[in-house]
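Data block below; observations after.
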Amino acid sequence: MLVTAYLAFVGLLASCLGLELSRCRAKPPGRACSNPSFLRFQLDFYQVYFLALAADWLQAPYLYKLYQHYYFLEGQIAILYVCGLASTVLFGLVASSLVDWLGRKNSCVLFSLTYSLCCLTKLSQDYFVLLVGRALGGLSTALLFSAFEAWYIHEHVERHDFPAEWIPATFARAAFWNHVLAVVAGVAAEAVASWIGLGPVAPFVAAIPLLALAGALALRNWGENYDRQRAFSRTCAGGLRCLLSDRRVLLLGTIQALFESVIFIFVFLWTPVLDPHGAPLGIIFSSFMAASLLGSSLYRIATSKRYHLQPMHLLSLAVLIVVFSLFMLTFSTSPGQESPVESFIAFLLIELACGLYFPSMSFLRRKVIPETEQAGVLNWFRVPLHSLACLGLLVLHDSDRKTGTRNMFSICSAVMVMALLAVVGLFTVVRHDAELRVPSPTEEPYAPEL
(Lines of atoms letter the chains of each structure in order from A and count residues from 1; the text may use other names and numbers.)
(Lines give C-alpha, C1' and ligand atoms only; values in the text may rest on other atoms or scores of the structure.)
Protein backbone atom coordinates (compact mmCIF):
# COMPACT_ATOMS: atom_id res chain seq x y z
CA MET A 1 0.00 0.00 0.00
CA LEU A 2 2.90 2.34 0.79
CA VAL A 3 4.50 1.95 -2.65
CA THR A 4 1.12 2.18 -4.41
CA ALA A 5 0.33 5.47 -2.65
CA TYR A 6 3.61 7.11 -3.64
CA LEU A 7 3.44 5.86 -7.23
CA ALA A 8 -0.13 7.12 -7.59
CA PHE A 9 0.84 10.48 -6.11
CA VAL A 10 3.77 10.96 -8.51
CA GLY A 11 1.72 9.83 -11.52
CA LEU A 12 -1.22 12.11 -10.75
CA LEU A 13 1.08 15.05 -10.06
CA ALA A 14 2.86 14.55 -13.40
CA SER A 15 -0.48 14.35 -15.24
CA CYS A 16 -1.74 17.55 -13.61
CA LEU A 17 1.50 19.38 -14.36
CA GLY A 18 1.41 18.34 -18.01
CA LEU A 19 -2.20 19.45 -18.49
CA GLU A 20 -1.66 22.79 -16.74
CA LEU A 21 1.50 23.60 -18.72
CA SER A 22 -0.24 22.88 -22.02
CA ARG A 23 -3.21 25.00 -20.96
CA CYS A 24 -1.00 27.93 -19.93
CA ARG A 25 0.83 27.87 -23.28
CA ALA A 26 -2.46 27.89 -25.19
CA LYS A 27 -4.15 30.58 -23.11
CA PRO A 28 -3.68 34.22 -24.25
CA PRO A 29 -2.97 36.78 -21.48
CA GLY A 30 -5.98 38.83 -20.43
CA ARG A 31 -6.21 42.57 -19.85
CA ALA A 32 -6.72 42.04 -16.10
CA CYS A 33 -3.43 40.12 -15.86
CA SER A 34 -1.42 43.19 -16.89
CA ASN A 35 -3.12 45.78 -14.64
CA PRO A 36 -0.64 46.59 -11.80
CA SER A 37 -3.31 47.95 -9.42
CA PHE A 38 -5.47 44.89 -9.89
CA LEU A 39 -2.52 42.54 -9.37
CA ARG A 40 -1.59 44.33 -6.11
CA PHE A 41 -5.18 44.06 -4.91
CA GLN A 42 -5.27 40.36 -5.82
CA LEU A 43 -2.03 39.79 -3.92
CA ASP A 44 -3.43 41.43 -0.77
CA PHE A 45 -6.41 39.08 -0.96
CA TYR A 46 -4.44 35.95 -1.83
CA GLN A 47 -1.94 36.40 1.02
CA VAL A 48 -4.69 36.10 3.61
CA TYR A 49 -6.99 33.69 1.79
CA PHE A 50 -4.28 31.18 0.87
CA LEU A 51 -2.94 31.09 4.44
CA ALA A 52 -6.48 30.34 5.66
CA LEU A 53 -6.94 27.59 3.06
CA ALA A 54 -3.53 26.07 3.81
CA ALA A 55 -4.35 25.91 7.53
CA ASP A 56 -7.68 24.24 6.72
CA TRP A 57 -6.18 21.61 4.40
CA LEU A 58 -3.28 20.87 6.77
CA GLN A 59 -5.72 19.38 9.29
CA ALA A 60 -7.66 17.15 6.91
CA PRO A 61 -5.45 14.04 6.56
CA TYR A 62 -5.07 13.26 10.26
CA LEU A 63 -8.41 14.19 11.86
CA TYR A 64 -9.81 10.65 12.03
CA LYS A 65 -6.38 9.24 12.91
CA LEU A 66 -6.08 11.68 15.83
CA TYR A 67 -9.37 10.47 17.34
CA GLN A 68 -8.19 6.88 16.88
CA HIS A 69 -4.90 7.82 18.55
CA TYR A 70 -6.92 8.97 21.57
CA TYR A 71 -8.51 5.46 21.70
CA PHE A 72 -12.04 6.54 20.80
CA LEU A 73 -14.29 3.90 19.25
CA GLU A 74 -15.56 4.32 15.69
CA GLY A 75 -19.06 5.12 16.98
CA GLN A 76 -17.67 7.89 19.19
CA ILE A 77 -15.68 9.27 16.26
CA ALA A 78 -18.85 9.22 14.14
CA ILE A 79 -20.61 11.36 16.77
CA LEU A 80 -17.73 13.86 16.63
CA TYR A 81 -18.12 14.09 12.86
CA VAL A 82 -21.90 14.47 13.18
CA CYS A 83 -21.35 17.32 15.64
CA GLY A 84 -19.06 19.03 13.13
CA LEU A 85 -21.56 18.60 10.29
CA ALA A 86 -24.47 19.81 12.42
CA SER A 87 -22.60 22.94 13.49
CA THR A 88 -21.61 23.58 9.88
CA VAL A 89 -25.23 23.53 8.72
CA LEU A 90 -26.49 25.62 11.67
CA PHE A 91 -23.82 28.29 11.33
CA GLY A 92 -24.00 28.09 7.53
CA LEU A 93 -27.66 29.13 7.63
CA VAL A 94 -26.82 32.42 9.35
CA ALA A 95 -23.25 32.94 8.11
CA SER A 96 -24.13 35.57 5.49
CA SER A 97 -26.18 37.63 7.94
CA LEU A 98 -23.49 37.28 10.62
CA VAL A 99 -20.76 38.42 8.23
CA ASP A 100 -22.80 41.43 7.10
CA TRP A 101 -23.45 42.41 10.72
CA LEU A 102 -19.89 41.96 12.01
CA GLY A 103 -18.15 43.26 8.92
CA ARG A 104 -16.26 41.16 6.39
CA LYS A 105 -12.75 41.88 7.68
CA ASN A 106 -13.80 41.33 11.30
CA SER A 107 -15.38 38.02 10.26
CA CYS A 108 -12.14 36.88 8.62
CA VAL A 109 -10.22 37.77 11.79
CA LEU A 110 -12.88 35.92 13.83
CA PHE A 111 -12.31 32.90 11.58
CA SER A 112 -8.61 32.94 12.47
CA LEU A 113 -9.42 33.06 16.18
CA THR A 114 -12.12 30.37 16.22
CA TYR A 115 -10.14 28.00 14.00
CA SER A 116 -7.04 28.46 16.18
CA LEU A 117 -9.14 27.55 19.23
CA CYS A 118 -10.50 24.55 17.32
CA CYS A 119 -6.92 23.39 16.68
CA LEU A 120 -5.97 23.89 20.33
CA THR A 121 -8.83 21.64 21.46
CA LYS A 122 -7.15 18.78 19.57
CA LEU A 123 -4.45 18.76 22.26
CA SER A 124 -7.05 17.52 24.75
CA GLN A 125 -8.21 13.91 25.04
CA ASP A 126 -11.42 14.97 26.79
CA TYR A 127 -14.43 14.00 24.65
CA PHE A 128 -16.47 17.09 25.59
CA VAL A 129 -13.58 19.42 24.70
CA LEU A 130 -13.28 17.70 21.33
CA LEU A 131 -17.03 18.15 20.76
CA VAL A 132 -16.63 21.88 21.46
CA GLY A 133 -13.74 21.90 19.01
CA ARG A 134 -15.93 20.36 16.32
CA ALA A 135 -18.57 23.04 16.92
CA LEU A 136 -15.88 25.74 16.58
CA GLY A 137 -14.73 24.02 13.41
CA GLY A 138 -18.26 24.25 11.99
CA LEU A 139 -18.39 27.99 12.70
CA SER A 140 -14.94 28.45 11.16
CA THR A 141 -15.90 26.54 8.01
CA ALA A 142 -19.02 28.68 7.59
CA LEU A 143 -16.92 31.86 7.90
CA LEU A 144 -14.22 30.58 5.54
CA PHE A 145 -16.71 30.01 2.72
CA SER A 146 -18.64 33.26 3.18
CA ALA A 147 -16.56 36.09 4.67
CA PHE A 148 -13.49 36.00 2.41
CA GLU A 149 -15.39 35.91 -0.88
CA ALA A 150 -17.84 38.60 0.31
CA TRP A 151 -14.96 40.88 1.35
CA TYR A 152 -13.22 40.48 -1.99
CA ILE A 153 -16.28 41.10 -4.18
CA HIS A 154 -17.25 44.25 -2.26
CA GLU A 155 -13.71 45.67 -2.41
CA HIS A 156 -13.32 44.74 -6.08
CA VAL A 157 -16.48 46.54 -7.18
CA GLU A 158 -17.18 49.23 -4.60
CA ARG A 159 -13.77 50.42 -3.40
CA HIS A 160 -11.48 49.79 -6.38
CA ASP A 161 -14.11 50.04 -9.14
CA PHE A 162 -12.57 47.25 -11.19
CA PRO A 163 -14.79 45.64 -13.88
CA ALA A 164 -17.04 42.94 -12.46
CA GLU A 165 -15.95 40.72 -15.38
CA TRP A 166 -12.54 40.37 -13.71
CA ILE A 167 -13.96 38.68 -10.60
CA PRO A 168 -14.09 35.16 -12.15
CA ALA A 169 -10.39 35.48 -13.05
CA THR A 170 -9.52 35.95 -9.38
CA PHE A 171 -11.54 32.98 -8.20
CA ALA A 172 -10.40 30.75 -11.10
CA ARG A 173 -6.80 31.38 -10.06
CA ALA A 174 -7.72 30.89 -6.40
CA ALA A 175 -9.39 27.58 -7.30
CA PHE A 176 -6.26 26.28 -8.99
CA TRP A 177 -3.97 27.32 -6.13
CA ASN A 178 -6.46 25.93 -3.63
CA HIS A 179 -5.85 22.51 -5.16
CA VAL A 180 -2.09 23.04 -5.12
CA LEU A 181 -2.21 24.10 -1.47
CA ALA A 182 -4.23 20.99 -0.63
CA VAL A 183 -1.64 18.75 -2.30
CA VAL A 184 1.25 20.48 -0.51
CA ALA A 185 -0.65 20.45 2.81
CA GLY A 186 -1.06 16.67 2.61
CA VAL A 187 2.68 16.21 2.14
CA ALA A 188 3.41 18.68 4.96
CA ALA A 189 1.01 16.85 7.29
CA GLU A 190 2.72 13.55 6.46
CA ALA A 191 6.11 15.15 7.13
CA VAL A 192 5.32 16.52 10.60
CA ALA A 193 3.15 13.60 11.74
CA SER A 194 5.02 10.62 10.30
CA TRP A 195 8.43 11.46 8.84
CA ILE A 196 9.51 13.64 11.78
CA GLY A 197 7.45 11.49 14.14
CA LEU A 198 5.55 14.20 16.01
CA GLY A 199 2.28 12.26 15.87
CA PRO A 200 -1.21 12.96 14.48
CA VAL A 201 -1.74 16.12 16.57
CA ALA A 202 1.24 17.87 14.91
CA PRO A 203 -0.62 19.11 11.77
CA PHE A 204 -3.21 20.84 13.97
CA VAL A 205 -0.53 22.61 15.98
CA ALA A 206 1.28 23.57 12.75
CA ALA A 207 -1.93 25.17 11.41
CA ILE A 208 -2.12 27.69 14.28
CA PRO A 209 0.77 29.96 13.12
CA LEU A 210 -0.75 30.07 9.62
CA LEU A 211 -4.10 31.14 11.06
CA ALA A 212 -2.47 33.76 13.28
CA LEU A 213 -0.55 35.20 10.32
CA ALA A 214 -3.72 35.27 8.18
CA GLY A 215 -5.58 37.22 10.89
CA ALA A 216 -2.67 39.63 11.38
CA LEU A 217 -2.37 40.36 7.64
CA ALA A 218 -6.12 40.94 7.36
CA LEU A 219 -5.99 43.40 10.26
CA ARG A 220 -3.03 45.26 8.76
CA ASN A 221 -3.80 45.28 5.03
CA TRP A 222 -7.56 45.02 4.60
CA GLY A 223 -10.21 47.69 4.90
CA GLU A 224 -13.54 46.96 6.55
CA ASN A 225 -16.78 46.75 4.61
CA TYR A 226 -20.38 46.00 5.55
CA ASP A 227 -23.55 45.31 3.62
CA ARG A 228 -27.21 45.97 4.13
CA GLN A 229 -28.67 43.00 5.97
CA ARG A 230 -31.67 41.14 4.62
CA ALA A 231 -33.87 39.45 7.19
CA PHE A 232 -33.01 35.76 7.49
CA SER A 233 -36.69 34.77 7.28
CA ARG A 234 -37.14 36.76 4.05
CA THR A 235 -34.00 35.21 2.58
CA CYS A 236 -35.22 31.68 3.30
CA ALA A 237 -38.78 32.43 2.17
CA GLY A 238 -37.54 33.82 -1.14
CA GLY A 239 -35.28 30.81 -1.60
CA LEU A 240 -38.15 28.39 -0.90
CA ARG A 241 -40.40 30.14 -3.45
CA CYS A 242 -37.66 29.88 -6.07
CA LEU A 243 -37.09 26.23 -5.20
CA LEU A 244 -40.75 25.26 -5.54
CA SER A 245 -41.55 27.38 -8.60
CA ASP A 246 -38.74 26.13 -10.86
CA ARG A 247 -38.36 22.40 -11.46
CA ARG A 248 -34.76 22.92 -12.60
CA VAL A 249 -33.84 24.41 -9.23
CA LEU A 250 -35.54 21.57 -7.36
CA LEU A 251 -33.75 18.87 -9.39
CA LEU A 252 -30.42 20.66 -9.12
CA GLY A 253 -30.86 20.92 -5.36
CA THR A 254 -31.72 17.22 -5.15
CA ILE A 255 -28.58 16.27 -7.07
CA GLN A 256 -26.43 18.49 -4.86
CA ALA A 257 -27.91 17.16 -1.63
CA LEU A 258 -27.50 13.51 -2.65
CA PHE A 259 -24.04 13.82 -4.22
CA GLU A 260 -22.42 15.95 -1.53
CA SER A 261 -23.90 13.98 1.36
CA VAL A 262 -22.16 10.90 -0.06
CA ILE A 263 -18.91 12.89 -0.32
CA PHE A 264 -19.19 13.85 3.36
CA ILE A 265 -19.51 10.17 4.27
CA PHE A 266 -16.53 9.34 2.03
CA VAL A 267 -14.47 11.93 3.97
CA PHE A 268 -15.25 9.99 7.15
CA LEU A 269 -14.66 6.49 5.77
CA TRP A 270 -11.47 6.67 3.73
CA THR A 271 -9.13 6.65 6.74
CA PRO A 272 -10.54 3.54 8.50
CA VAL A 273 -10.57 1.71 5.15
CA LEU A 274 -6.93 2.44 4.21
CA ASP A 275 -5.11 3.11 7.49
CA PRO A 276 -5.08 -0.55 8.74
CA HIS A 277 -3.05 -1.47 5.64
CA GLY A 278 -0.18 0.93 6.39
CA ALA A 279 -1.26 3.74 4.09
CA PRO A 280 0.66 7.04 4.48
CA LEU A 281 -2.36 9.24 5.21
CA GLY A 282 -0.81 12.56 4.15
CA ILE A 283 0.35 11.16 0.80
CA ILE A 284 -3.02 9.46 0.29
CA PHE A 285 -4.76 12.80 0.91
CA SER A 286 -2.40 14.61 -1.48
CA SER A 287 -3.17 11.96 -4.10
CA PHE A 288 -6.88 12.61 -3.61
CA MET A 289 -6.36 16.33 -4.11
CA ALA A 290 -4.19 15.73 -7.19
CA ALA A 291 -6.97 13.54 -8.63
CA SER A 292 -9.47 16.33 -7.96
CA LEU A 293 -7.14 18.84 -9.64
CA LEU A 294 -6.87 16.48 -12.61
CA GLY A 295 -10.67 16.38 -12.82
CA SER A 296 -10.84 20.18 -12.71
CA SER A 297 -8.25 20.41 -15.51
CA LEU A 298 -10.21 17.88 -17.58
CA TYR A 299 -13.34 20.00 -17.05
CA ARG A 300 -11.61 23.06 -18.52
CA ILE A 301 -10.34 21.04 -21.48
CA ALA A 302 -13.72 19.39 -22.09
CA THR A 303 -15.58 22.73 -22.12
CA SER A 304 -12.98 24.42 -24.32
CA LYS A 305 -13.59 25.38 -27.94
CA ARG A 306 -11.86 22.23 -29.15
CA TYR A 307 -14.18 19.71 -27.45
CA HIS A 308 -17.13 21.92 -26.49
CA LEU A 309 -18.76 19.51 -24.04
CA GLN A 310 -21.42 21.04 -21.80
CA PRO A 311 -21.42 21.22 -17.96
CA MET A 312 -24.60 19.12 -17.93
CA HIS A 313 -22.76 16.30 -19.72
CA LEU A 314 -19.85 16.49 -17.28
CA LEU A 315 -22.19 16.53 -14.28
CA SER A 316 -23.76 13.32 -15.59
CA LEU A 317 -20.31 11.79 -16.08
CA ALA A 318 -19.25 12.75 -12.53
CA VAL A 319 -22.30 11.06 -11.01
CA LEU A 320 -21.75 7.93 -13.12
CA ILE A 321 -18.12 7.70 -12.00
CA VAL A 322 -19.13 7.93 -8.34
CA VAL A 323 -21.82 5.25 -8.78
CA PHE A 324 -19.24 2.92 -10.34
CA SER A 325 -16.67 3.70 -7.62
CA LEU A 326 -19.12 2.99 -4.81
CA PHE A 327 -20.02 -0.36 -6.35
CA MET A 328 -16.29 -1.12 -6.42
CA LEU A 329 -16.06 -0.22 -2.73
CA THR A 330 -18.91 -2.52 -1.72
CA PHE A 331 -16.78 -5.44 -2.97
CA SER A 332 -13.32 -4.20 -1.96
CA THR A 333 -14.41 -3.70 1.67
CA SER A 334 -16.08 -7.11 2.11
CA PRO A 335 -15.10 -8.59 5.52
CA GLY A 336 -12.21 -11.02 5.10
CA GLN A 337 -11.75 -10.07 1.43
CA GLU A 338 -10.51 -6.50 1.75
CA SER A 339 -8.59 -5.08 -1.19
CA PRO A 340 -6.98 -1.78 -0.11
CA VAL A 341 -5.48 -1.06 -3.55
CA GLU A 342 -8.88 -1.46 -5.23
CA SER A 343 -10.44 0.76 -2.54
CA PHE A 344 -7.72 3.38 -3.10
CA ILE A 345 -8.39 3.40 -6.86
CA ALA A 346 -12.12 3.81 -6.18
CA PHE A 347 -11.43 6.74 -3.85
CA LEU A 348 -9.23 8.37 -6.50
CA LEU A 349 -12.06 8.01 -9.03
CA ILE A 350 -14.44 9.69 -6.57
CA GLU A 351 -12.03 12.63 -6.22
CA LEU A 352 -11.62 12.82 -9.99
CA ALA A 353 -15.41 12.98 -10.24
CA CYS A 354 -15.44 15.80 -7.67
CA GLY A 355 -13.08 17.76 -9.92
CA LEU A 356 -15.67 17.45 -12.69
CA TYR A 357 -18.71 17.90 -10.46
CA PHE A 358 -17.98 21.13 -8.60
CA PRO A 359 -17.30 23.43 -11.60
CA SER A 360 -20.25 21.86 -13.45
CA MET A 361 -22.57 22.40 -10.49
CA SER A 362 -21.23 25.93 -9.98
CA PHE A 363 -21.97 26.84 -13.62
CA LEU A 364 -25.48 25.35 -13.61
CA ARG A 365 -26.36 26.87 -10.24
CA ARG A 366 -25.40 30.37 -11.37
CA LYS A 367 -27.46 30.00 -14.53
CA VAL A 368 -30.55 28.45 -12.92
CA ILE A 369 -30.82 30.32 -9.59
CA PRO A 370 -31.40 34.11 -9.64
CA GLU A 371 -28.50 35.96 -7.98
CA THR A 372 -30.79 37.64 -5.43
CA GLU A 373 -32.15 34.27 -4.27
CA GLN A 374 -28.95 32.21 -4.26
CA ALA A 375 -28.27 32.57 -0.53
CA GLY A 376 -31.81 31.50 0.39
CA VAL A 377 -31.91 28.58 -2.05
CA LEU A 378 -28.48 27.35 -0.90
CA ASN A 379 -29.72 27.40 2.69
CA TRP A 380 -32.48 24.97 1.72
CA PHE A 381 -29.94 22.80 -0.14
CA ARG A 382 -27.66 22.60 2.90
CA VAL A 383 -30.32 21.26 5.26
CA PRO A 384 -31.03 17.96 3.41
CA LEU A 385 -27.37 17.65 2.38
CA HIS A 386 -25.99 17.69 5.90
CA SER A 387 -28.99 15.84 7.34
CA LEU A 388 -28.38 12.91 4.98
CA ALA A 389 -24.68 12.86 5.87
CA CYS A 390 -25.43 12.95 9.61
CA LEU A 391 -28.01 10.17 9.22
CA GLY A 392 -25.49 8.04 7.35
CA LEU A 393 -22.86 8.48 10.05
CA LEU A 394 -25.37 7.65 12.77
CA VAL A 395 -26.36 4.47 10.90
CA LEU A 396 -22.68 3.54 10.78
CA HIS A 397 -22.39 4.32 14.49
CA ASP A 398 -25.09 1.73 15.28
CA SER A 399 -23.73 -1.00 13.00
CA ASP A 400 -21.15 -3.73 13.43
CA ARG A 401 -17.63 -2.57 12.54
CA LYS A 402 -16.83 -5.54 10.31
CA THR A 403 -19.88 -5.12 8.07
CA GLY A 404 -20.77 -1.49 8.78
CA THR A 405 -18.33 0.04 6.30
CA ARG A 406 -19.48 -2.20 3.46
CA ASN A 407 -23.13 -1.58 4.33
CA MET A 408 -22.47 2.16 4.34
CA PHE A 409 -20.98 2.02 0.85
CA SER A 410 -23.99 -0.04 -0.28
CA ILE A 411 -26.34 2.64 1.06
CA CYS A 412 -24.24 5.34 -0.61
CA SER A 413 -24.48 3.42 -3.90
CA ALA A 414 -28.28 3.47 -3.65
CA VAL A 415 -28.22 7.20 -2.84
CA MET A 416 -26.05 7.90 -5.89
CA VAL A 417 -28.37 5.88 -8.13
CA MET A 418 -31.13 8.25 -6.94
CA ALA A 419 -28.85 11.17 -7.82
CA LEU A 420 -28.34 9.65 -11.26
CA LEU A 421 -32.12 9.48 -11.76
CA ALA A 422 -32.35 13.15 -10.75
CA VAL A 423 -29.62 13.96 -13.32
CA VAL A 424 -31.64 12.17 -16.01
CA GLY A 425 -34.71 14.18 -14.96
CA LEU A 426 -32.76 17.45 -15.10
CA PHE A 427 -31.26 16.52 -18.47
CA THR A 428 -34.77 15.93 -19.82
CA VAL A 429 -35.96 19.32 -18.57
CA VAL A 430 -32.99 21.41 -19.79
CA ARG A 431 -31.90 19.64 -22.98
CA HIS A 432 -33.26 22.47 -25.16
CA ASP A 433 -32.28 25.25 -22.74
CA ALA A 434 -29.65 27.38 -24.52
CA GLU A 435 -29.01 29.33 -21.30
CA LEU A 436 -27.34 26.28 -19.75
CA ARG A 437 -24.89 25.78 -22.61
CA VAL A 438 -21.35 27.13 -22.77
CA PRO A 439 -21.23 29.26 -25.94
CA SER A 440 -17.45 29.79 -25.91
CA PRO A 441 -14.31 28.70 -24.06
CA THR A 442 -14.89 29.20 -20.37
CA GLU A 443 -12.87 29.14 -17.20
CA GLU A 444 -15.28 28.25 -14.46
CA PRO A 445 -13.87 28.59 -10.93
CA TYR A 446 -13.98 25.54 -8.72
CA ALA A 447 -14.99 26.46 -5.16
CA PRO A 448 -14.84 23.31 -2.92
CA GLU A 449 -17.75 23.27 -0.44
CA LEU A 450 -16.60 20.19 1.71
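Here the Cβ of each residue, glycine as well, is placed from N, Cα and C on the backbone.
What Swiss-Prot says about this protein:
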| type | residues | note |
| --- | --- | --- |
| TRANSMEM | 1-21 | transmembrane segment |
| TRANSMEM | 43-63 | transmembrane segment |
| TRANSMEM | 79-99 | transmembrane segment |
| TRANSMEM | 128-148 | transmembrane segment |
| TRANSMEM | 174-194 | transmembrane segment |
| TRANSMEM | 195-215 | transmembrane segment |
| TRANSMEM | 249-269 | transmembrane segment |
| TRANSMEM | 278-298 | transmembrane segment |
| TRANSMEM | 311-331 | transmembrane segment |
| TRANSMEM | 344-364 | transmembrane segment |
| TRANSMEM | 376-396 | transmembrane segment |
| TRANSMEM | 409-429 | transmembrane segment |
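Packing against the transmembrane segment (311-331) from elsewhere in the chain are residues 255, 259, 262, 273, 295, 299, 302-303, 337, 339, 342-343, 345-347, 349-350, 352-354, 356-357, 359-361, 363-364, 406, 409-410, 412-413, 416-417, 419-420, 423, 426-427, 430, 436, 438, 444: each is 6 or more residues past its ends and has a CB under 8 Å from a CB in it. Beyond its flanks by at least six residues, the transmembrane segment (79-99) meets 67, 72, 107, 130-131, 134-139, 141-143, 145-147, 150, 229-230, 232, 235-236, 264, 268, 375, 379, 382-383, 385-387, 389-390, 393-394, 397 of its own chain at Cβ-Cβ distances under 8 Å. Within the chain, the transmembrane segment (278-298) has long-range Cβ neighbours (under 8 A, six or more residues past its boundaries) at 1-2, 5-6, 8-9, 12-13, 15-16, 19-20, 23, 57, 60-62, 65, 175-176, 179-180, 182-191, 193-194, 270-271, 318, 340, 344, 347-349, 351-359, 446. Of the candidate ranges 174-194, 195-215, 249-269, 409-429, 249-269 has the most C-beta pairs within less than 8 angstroms of the transmembrane segment (344-364). Proximity of the transmembrane segment (43-63) to the transmembrane segment (376-396) is not established, fewer than 3 Cβ-Cβ distances being under 8 Å for residue pairs spaced 6 or more apart. Contact check: the transmembrane segment (409-429) against the transmembrane segment (249-269) gives at least three Cβ pairs closer than 8 Å, residues 6 or more apart, which meets the contact criterion. Long-range contacts of the transmembrane segment (376-396) within its own chain (CB-CB distance under 8 A, at least 6 residues past either end) are made by residues 74-75, 78, 81-82, 85-86, 88-89, 92-93, 235-240, 242-243, 249, 253, 256-258, 260-261, 264-265, 268-269, 369, 404-405, 407-408, 411-412, 415. Remote same-chain partners of the transmembrane segment (249-269), defined as residues 6 or more beyond its termini with a Cβ less than 8 Å from a stretch Cβ, comprise 64, 78, 81, 85, 242-243, 315, 318-319, 322, 326, 347, 350, 354, 357, 361, 364-365, 368-369, 377, 380-381, 384-389, 392-393, 396, 405, 408-409, 412, 415-416, 418-419, 422-423, 425-426, 429, 449-450. A Cβ distance under 8 Å defines the sequence-distant neighbours of the transmembrane segment (1-21), meaning residues of its chain 6+ beyond its ends; these are 176, 183, 274, 277-280, 283-284, 286-287, 290-291, 293-294, 297-298, 301, 340-341, 344, 348.
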